[in-house]
Amino acid sequence: MSHVICERGAAQVIKSYSPNLMVHPYMRDSNSLTPASTTTPSISTLLNDEILPPIYALMSRLHVVVVGPGLGRDKVMLEIATKVIERAKELGLHIVIDADGLYLVQQSPDVIKGYTKAILTPNIVEFQRLSNALGVEIPKGFPEDAATAKRTCHALAKAFGGPVVVAKGRVDYISDGNFEFTCDMPGGKKRVGGQGDTLSGTLSTFLAWKHAYQSRIWDHDVSLDEPSLMMLSAYGAAAITRYCSRAAYGKYGRAMLASNLSEMVGDAYSALLEDDKYRI
């Protein structure tokens, strides 16, 4: 089940997009919280008394939180997102951070440093900005040279000290600071804005399965440890997204849109997880 926590002005638009989404208009931006007079509660009071409590109540029922897509860079929205990340850490939830959530981390890296149940999904530009924020050098040859890209992804993950980093690009480089995976499955020939949302959503699915595995919902030998499960979740999501991109491009060509990737998700799971020819 997918819960969308958003600013109230966006709620009706999102609700009209799909009946499968549960939309919660709990967030506020600076314009809606500007005190009208000296008797109006402060922004801090509104956050603690009105905005955050219903969000926190909902979070107690979740397994994974995705922060960033559609967030924007409004100061109050970013403050709410920061509180959500901090609360998710307290609850031990898995966290996926993408898009403007990465801008938040760029400004305040400590909000996610050291947390091993988080996955960051920067593109090349976002990767460079995060590296600058953490003092990681971007060497010559990044990201074109595979060995250099792998080392640099390792260095950034090491600097974060816990989260998995998925450096998106022509090839996806994945590292937790100790181990590295490379996902070089062919994707589509067109890169569309919003394609990363498919990755974020797919990561959520794999991390929810990770939770189910660790909760022993089915019988197994618990042979996979925490770091392995985090890395495998990241690799699996990268592979699914690349398959979707390739399939969508194959159907729509240059007219492909980000929403077309969603049409391919079911086929991607079947092909990569059930078909012996492609099984990962």
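For all residues, glycine too, the Cβ spot is worked out from N, Cα and C.
Those TrEMBL annotations? Automatic predictions, nothing curated.
Copied over from TrEMBL, here are the features:
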- 1-272: domain 'YjeF C-terminal' (DOMAIN)
- GLY70, ASN123, ILE124, VAL125, GLU126, PHE127, GLN128, ARG129, ASP197: (6S)-NADPHX binding site (BINDING)
- 168-172, 187-196: ATP binding site (BINDING)
Measuring CA to CA, name the entry from the binding-site residues GLY70, ILE124, GLU126, GLN128 that ends up nearest GLY194 (ATP binding site).
GLY70
Close in space, distant in sequence - GLY188 (ATP binding site), Cβ under 8 Å, 6 or more apart:
SER245, ARG246, ALA247, ALA248, TYR249, GLY250, MET256
Could you list the residues of the same chain, at least six apart in sequence, whose Cβ is under 8 A from the Cβ of ILE124 ((6S)-NADPHX binding site)?
PRO143, ALA167, LYS168, GLY169
Counting only residues 6+ away in sequence within the same chain, which have a CB under 8 Å from the CB of ASP172 (ATP binding site)?
VAL166, THR182, CYS183, ASP184, ALA238, ARG242
What Cα-Cα separation, expressed in whole Å, is found between GLY70 ((6S)-NADPHX binding site) and GLY196 (ATP binding site)?
12
Cα distance (Å, whole number) from LYS190 (ATP binding site) to ASP197 ((6S)-NADPHX binding site):
16
Rounded to the nearest angstrom, how far is the Cα of GLU126 ((6S)-NADPHX binding site) from the Cα of VAL192 (ATP binding site)?
16
Other CB atoms within 10 A, centred on ARG170 (ATP binding site):
11
When distances run from the Cα of GLU126 ((6S)-NADPHX binding site) to each of the binding-site residues ARG170, LYS190, GLY196, the nearest one:
GLY196
Cβ contacts of GLY196 (ATP binding site) (under 8 Å, same chain, 6 or more positions away):
PRO69, ASP98, ALA99, THR121, ASN123, LYS168
Over all pairs within GLY70, ASN123, ILE124, VAL125, GLU126, PHE127, GLN128, ARG129, ASP197, the annotated (6S)-NADPHX binders, what is the largest Cα to Cα distance, rounded to whole Å?
21
